[in-house]
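Chemist: Please read through the structure below; I'll follow up with questions.
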Amino acid sequence: MRFNRSTPASLFLNLLVVACTLILTFPLVWIVMMSLKQQAEVMTWPPRFIFTPNLKTSAFCSMPPRPGQQATAPSRLIS
Amino acid sequence: MDLQGIDAIGTLQSSADQLASSKNEQAQKAEQNALDWWSLAAIAPAIIILLGFLFLFFYGVFQSLTDLKFGRPVVRFIGFTNYEMVIKTQDFWNSVRATMAYACSAVLAEALFGLALAKLFASGVFLTRLMRPVILLPLVLPPMSVALMWTTMMDPQNGILNYLLSLIGIGRFAWISDASTAMCSLVLIDIWTYTPFFALIIFAGLQGINDEVREAARVNGARGWATFLHIELPLIAPYILIAAVFRLIESLNQFDIIFGTTQGGPGDSTSVLSVRAYITAFQNLAFGRGAALMVVNWMVVLLGTFVMVRLWRLVRHRVS
């Protein structure tokens, strides 16, 4: 048994679904974006959503400094 | 003639059945008395594993009664001294309070949001069919990466959450770096991660409700809100409670998310029992006292679970 919803109601529910999806996926998307940024871009304020992805210095090559620690010079392996 | 013959055959058969059945009974008795080696072999692995776990558990309990410490040559049995020492400190009661606050608020909020999410996705509007897999996304992430993810997002200097808040005109928030907001932030992380778990189970419960029930309610004049409150909610209450039992066990034991983000800090604000036990045992190397804290944690979990299961059985009994 399906109610036949009025158009505004179904539109509102769809919007709610979109909002929930955004909340659930945004942190993951943001972290994936962060993994493709360079160190300086990660630290900029305000944060940027549009950037040129950089696969070279992503997380696989250099670890970002942990919060609370001071940023160190890039490790010798890369330089 | 014919009838008599049939009769005779019938009596013969029945007596033969009786004979056979008495023989069978004898054989069954003999079988019952003999040890069934095959079934024993089948359950042996389970028993061995269970005994192994129980042994480890009791060894842990025994450890909590000794003054085991790293680098101490002689380990003495000191009874309940560890527990007394632990209970006397103010830190311990802070930890108990933090554990309770964390678990209760997280489970309550998750149940509410999970119910809302499940109801939304059960409404069957167009986008729900597309977005249903997305609910599972936070659940499949390892808790440690969830912790690291939120640590970077909640950074007070350049975290994205502060930026998003500044867009709607709210000033900077210290999140996990401030003692007063750290617990709320942790609960927020927990809610984000485990609300889908509630949503999933409640969604299954909602699917299980027969449409005829709803139709009957509608025929009897129940409007949308009344249907939900008086028909659906009592029917899915056992599902909510069983999910809450699982989540309560896990969140009273929660270690990875808390240790991954704040390590019990800042100050003492988020050091729940498991984190305090870990720090006592493996950073201060006082294994005996750490084991005592873990036993206390186990008792808290046992008590909480007991209450929840009783509640669940009560509700289920009332519904069915």
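Each residue, glycine too, has its Cβ placed from N, Cα and C.
Keep in mind that TrEMBL annotations are predicted by a computer and have not been checked by a curator.
Keep in mind it's a predicted model, so treat the numbers as computed, not measured.
For reference, TrEMBL lists these features for the protein:
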{"type": "DOMAIN", "residues": "B:96-308", "note": "domain 'ABC transmembrane type-1'"}
{"type": "TRANSMEM", "residues": "B:37-62", "note": "transmembrane segment"}
{"type": "TRANSMEM", "residues": "B:100-122", "note": "transmembrane segment"}
{"type": "TRANSMEM", "residues": "B:134-153", "note": "transmembrane segment"}
{"type": "TRANSMEM", "residues": "B:159-175", "note": "transmembrane segment"}
{"type": "TRANSMEM", "residues": "B:187-209", "note": "transmembrane segment"}
{"type": "TRANSMEM", "residues": "B:229-249", "note": "transmembrane segment"}
{"type": "TRANSMEM", "residues": "B:291-312", "note": "transmembrane segment"}
Chemist: The transmembrane segment (B:37-62): which same-chain residues, six or more beyond its ends, come within Cβ distance under 8 Å?
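Modeler: Result: 291, 294-295.
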Chemist: Under 8 Å between C-beta atoms and at least six residues away from its ends: which parts of the chain pack against the transmembrane segment (B:134-153)?
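Modeler: Contacts with the transmembrane segment (B:134-153): 117, 121, 159-161, 176, 185, 189, 192-197, 199-200, 256-257, 259-261.
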Chemist: Give the nonlocal contacts of the transmembrane segment (B:187-209) in its own chain as ranges (CB under 8 Å, at least six residues past its ends).
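Modeler: Tertiary neighbours of the transmembrane segment (B:187-209) are 102, 105-106, 109-111, 113-115, 117-119, 121-122, 135-139, 141, 143, 146-147, 150, 231-232, 235-236, 238-240, 242-244, 246-247, 250-251, 254, 257, 261.
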